[in-house]
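Before any comments, here is the structure.
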Ligand code: ASP
């Protein structure tokens, strides 16, 4: 409506592309100017997030009441979950196939391996006696950037090492735990026998989040029922709102005329919220541009960021290629065959949502725009969209699952660890499930990746190898996540119509 009432959508698209281009140029060449306008992007994200809760609640209640037959929700739910699981599994398979084929983490020499790991090897000798590791020198030096912090190495301040006897003393798989301020992460010294790398920033991120896949799935299940509805709203938790809205909408349909009164109010509320989303879309080109300029500025512009990107270019290339195959070939085929939609116009209609996903790196923050594009530009019924999209924004993450699988195998390759077929199968399963457990917020996938690594006994510390480019890959995978949700809406809508 509003965003494209007065202007043809082509013009709107061009405005967004100009916003992106300006954001790239500004953040890339003038990082401080990019930082300076980051607050405009923050305003845009906040405005989007502000609309998520009212939009999810009103649209789901309206969707529920318009279904007529409450049993239909079961059928709709079944199809949606089936689509989500199948496409996520396909995405992971593509990722695994490519990372195995291209071997981005393969290094022939130790020097290459150290270069891949970041090249900031610390030169701290260690001794091993009676299965106890002692670091034999004063303290870690500060490395090339401030991700690493100085800390003392004496045992009182807490550097501890243990040897896993099953791995043998001579193996390279010695695991060491370094502790500072009560935070700890396992680290693995390099093969050469000197040097231990500790990324405390990573330790802080993973603190308290190191859970098994079973615990994560339990959390998702428990999270369906809110302890306090308003707390869920305050925290933008979409899953419990979906459940409560379905029940509430269902109950309204059984209340006769008094229920109808409320239904009509919800319809009007829903319309009002959608109109606000439309209004906000007018600011999208500026908001998206500012977000990109701000993030690129924070990464030090092209000068700061490109060398890092090039260092792990094989890895980023593999992730991006796999995402492209899934997003540009597999999902469009599914859209065409099972959603009966032509791909080009559907993608053009989704462009504002896809670019918002790229700039915010959050499926949840993008949800209002996704809803708008799916229903108003691609004419998918609101009934389907209101159910499929909020669910998708929280549990359907093709890009995230693919990324976690590629990253886990990449880390294994860098550490020279061969994964057996069974381990690859575990990576496949845990990546699929960990993506379901990841929230639709920036870099959520990085945290749930610890689950995948843990499941196949890979060093969690390996995450620090890919940390520096994660913000960029997060944007790419979030775009694919949202694209997958949008295609899901078309597919489920078509099958519902057929029924
Ligand atoms: N940022 C992603 C999303 O919101 C999740 C992730 O970190 O992969 O979809």
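Glycine too: its Cβ is placed from the backbone N, Cα and C atoms.
These figures come from a predicted structure and were not determined experimentally.
Here's what TrEMBL has on this protein:
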type	residues	note
TRANSMEM	12-31	transmembrane segment
TRANSMEM	43-68	transmembrane segment
TRANSMEM	80-102	transmembrane segment
TRANSMEM	238-256	transmembrane segment
TRANSMEM	277-298	transmembrane segment
TRANSMEM	318-338	transmembrane segment
TRANSMEM	421-441	transmembrane segment
TRANSMEM	447-473	transmembrane segment
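Between the transmembrane segment (80-102) and the stretches 12-31, 43-68, 238-256, 277-298, 421-441, Cβ pairs under 8 Å are most numerous for 421-441. Here the transmembrane segment (12-31) lies next to the transmembrane segment (277-298) in space: the count of CB pairs under 8 Å, restricted to residues six or more apart, reaches at least 3. Sequence-distant contacts of the transmembrane segment (421-441) (same chain, at least 6 residues past either end, Cβ-Cβ under 8 Å): 85, 88-89, 92-93, 95-96, 100, 213, 216-217, 219-220, 238, 362-365, 367, 393-395, 397-398, 400-402, 404-405, 408-409, 447-449, 451-452, 455-456, 481.
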